[in-house]
Amino acid sequence: MLLLSWSRIATKVVRRPVRFRSYYGLTHIKSLHTQYRLLNRLQENKSGNKNEDNNEDAKLNKEIPTDEEVEAIRKQVEKYIEQTKNNTIPANWKEQKRKIDESIRRLEDAVLKQESNRIQEERKEKEEENGPSKAKSNRTKEQGYFEGNNSRNIPPPPPPPPPKPPLNDPSNPVSKNVNLFQIGLTFFLLSFLLDLLNSLEEQSEITWQDFREKLLAKGYVAKLIVVNKSMVKVMLNDNGKNQADNYGRNFYYFTIGSIDSFEHKLQKAQDELDIDKDFRIPVLYVQEGNWAKAMFQILPTVLMIAGIIWLTRRSAQAAGGSRGGIFGLSRSKAKKFNTETDVKIKFKDVAGCDEAKEEIMEFVSFLKEPSRYEKMGAKIPRGAILSGPPGTGKTLLAKATAGEAGVPFYFVSGSEFVEMFVGVGAARVRDLFKTARENAPSIVFIDEIDAIGKARQKGNFSGANDERENTLNQMLVEMDGFTPADHVVVLAGTNRPDILDKALLRPGRFDRHINIDKPELEGRKAIFAVHLHHLKLAGEIFDLKNRLAALTPGFSGADIANVCNEAALIAARSDEDAVKLNHFEQAIERVIGGVERKSKLLSPEEKKVVAYHEAGHAVCGWYLKYADPLLKVSIIPRGQGALGYAQYLPGDIFLLTEQQLKDRMTMSLGGRVSEELHFPSVTSGASDDFKKVTSMATAMVTELGMSDKIGWVNYQKRDDSDLTKPFSDETGDIIDSEVYRIVQECHDRCTKLLKEKAEDVEKIAQVLLKKEVLTREDMIDLLGKRPFPERNDAFDKYLNDYETEKIRKEEEKNEKRNEPKPSTN
């Protein structure tokens, strides 16, 4: 059989020579390999017949080439295949292939003769053993195919398809979708439905009257079967079955209340119908179990249990547990930082918080060189809490620590310890610190630790926080208990350090409290330098970072990153070649006031009111000594509700005097007072101004001690959710009167100022109606310079006319440098 298959391959190769139109193609190489396998088979067949004594075999062996000749042909084929693969075809390749084909054809003829003789010999032996008729019928299909193959080229039959893997084979894709529970449930439902359908088809309920009049009176009843003392089956006799109304039915049934009542009624009915006692209807009593009905009764319970198991597994997987069950929930979800694949952030990428960065870098130094400190008797700090407003760089510092620590770094969110299952949070804390100890020295960073570190409450009878408190207790024990985590540093980040538990903040757990505030001027310069480095700028980074840092007081690091990104987007939207100063100014306005709502069209009357409103703010800010410098006035709607805005530039001030607060309140009331002076009725546009004024006046009275009647007492509310007041009703009345007095004084002062500067208000309002936007330069042209020196040093240093003109010229120079040169052709 093996030699026969080889002969078919050889015949196919010889009868169908390779098309050399695609000489270097894969088809040609496959054909050569087929011929090469033919040589191997021929040599094996030849070596197997070497020791035979039969004369015909010996004669045939003489016709077959010797081993040396076969080996020579083999080497020719190997050389030919190698040349084809390496694309080194000789010039006489046609002649070379012709010789190889002739050699293969000669070998094929010899093998065909040998195989034919072998089959004839086997046929003779079978004829001698079984007779000619049986031997003739036992001729194999292979022999007939072999004999017919000498005259025509018949392709071999296709190989049988591979067997399909069983359903329980893991390699079978169907098995992956098979769920035993689904199969069982489907089978049960189908069985129940089939049983129910069969019951409905076979049964038909009737009443007692129908049984008596239509069946019993007409003699169609063969017997009665009382099932489970509640139902009676009326079995029909042959006469009843053959009736047209009962065709295809074997029985009817009706229900009974009790057996005694049924027997009494049956006896009475038979007496009334004069049925002879020898022909009375026999009654049988049986107990039957309806498995489908029983299964249907327990089906809701089974489905409920299965649903609970399914939901448990799904929630376990969604919560990060392993697929093995809910026991995987106890594993920590902390992720180990990979310095090769994760975001690569170094300490040089962190700016604006130099003091905090030094503290964190010292932790890294502790872990890298512990002997340097231990030889002095110092112990490595256990942990540090990073606190501060959002966007100041707490998480960024942790990322930089992971990038430069050189030790295993694990980071996890505080909310990942909170689960719906009891004990999961504490188990995850144990697993986290166990992993950290095994890989010590290491660093663990817990972001938003206030999710599990809130202060424990006294008298908590509801039990709502028991699970969170258990997680916190486990955290306290792991950080500084009987098994301290030596050489494991814990860093944590939070925006609310005031609500954390005192036991968590004590030395020995979090030894250092690092507060990261919003950056000052120098910090903003450094942050802008980091972000501007990645942008294509039209000006110099040094000049831009100074001006932008002065324009963004109170901005956090995240706000500055957003400004740089928005400026790049605006430049790309405008098809500019580089990011310019005006793009950054637009981005700052977008971050402060929101996007311009150009589609929000104001009526002429509303636009006029907004213009006078903003003109009142601008004039008050221009002539009040302690007001912040005015940068821009606009009546273009921005954000959700602002119909206009005045942009001021406060400095990095840490102390506010009473006069400064009153000047700010007076400036905030300038819009409403301007409406009162120029229109017969006021509008609702000053609602936000009133909130600011009331808040400042209340703080002056209740917190800052700037009221003579209240004095030096702090009545600040402990919490916004606290419904009680820290003062009496009489004190509350005094506070209200003092707040009103301060606001009224500011209002009277603002009214007096705007009446004196009525021409300036009119002038600014008219220009605003025409241009919609006024800059500081426009204000100087209209009103002259401010009568007071600016109290913001950064304003004078980086926002003066000289610096502005310097940046503009630098941008123009770069534009000319980047312009395409005219063609000389």
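Every residue, even glycine, has its Cβ placed from backbone N, Cα and C.
Here is what Swiss-Prot says about this protein:
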| type | residues | note |
| --- | --- | --- |
| REGION | 43-67 | region 'Disordered' |
| COMPBIAS | 115-131 | compositional bias 'Basic and acidic residues' |
| REGION | 115-173 | region 'Disordered' |
| COMPBIAS | 154-168 | compositional bias 'Pro residues' |
| TRANSMEM | 178-194 | transmembrane segment |
| TRANSMEM | 294-311 | transmembrane segment |
| BINDING | V350, A351, T392, G393, K394, T395, L396, H531 | ATP binding site |
| BINDING | H613, H617, D689 | Zn(2+) binding site |
| ACT_SITE | E614 | active site |
| REGION | 806-825 | region 'Disordered' |
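Put simply, of the recorded positions H613, E614, H617, D689, the one whose Cα is nearest the Cα of L396 (ATP binding site) is D689. What surrounds the Zn(2+) site, by Cβ distance within 8 Å of the Cβ centroid and not counting H613, H617, D689, is the set E614, G616, A646, S668, L669, G670, G671, R672, S674, G685, A686 from the same chain. Counting only residues at least six positions away in the same chain, the Cβ atoms of G644, G671, R672, S674, E675, T683, G685, A686 sit under 8 Å from the Cβ of H613 (Zn(2+) binding site). In this view, D689 (Zn(2+) binding site) is surrounded by 18 other Cβ atoms within 10 Å of its Cβ, with every protein chain counted.
Every protein chain considered, the tally of other Cβ atoms within 10 Å of the Cβ of T392 (ATP binding site) stands at 25. The closest partner of G393 (ATP binding site) among the recorded positions, by CA position, is D689; the full candidate set was E614, H617, D689.
Note: the Cα of D689 (Zn(2+) binding site) and the Cα of K394 (ATP binding site) are spaced 33 Å from each other. In this view, G393 (ATP binding site) is surrounded by 25 other Cβ atoms within 10 Å of its Cβ, with every protein chain counted. When the compositional bias 'Basic and acidic residues' (115-131) is classified with DSSP, helix, strand and coil residues number 16 helix, 0 strand, 1 coil. Maximum C-alpha to C-alpha distance over the listed ATP-binding residues V350, A351, T392, G393, K394, T395, L396, H531 is 17 Å.
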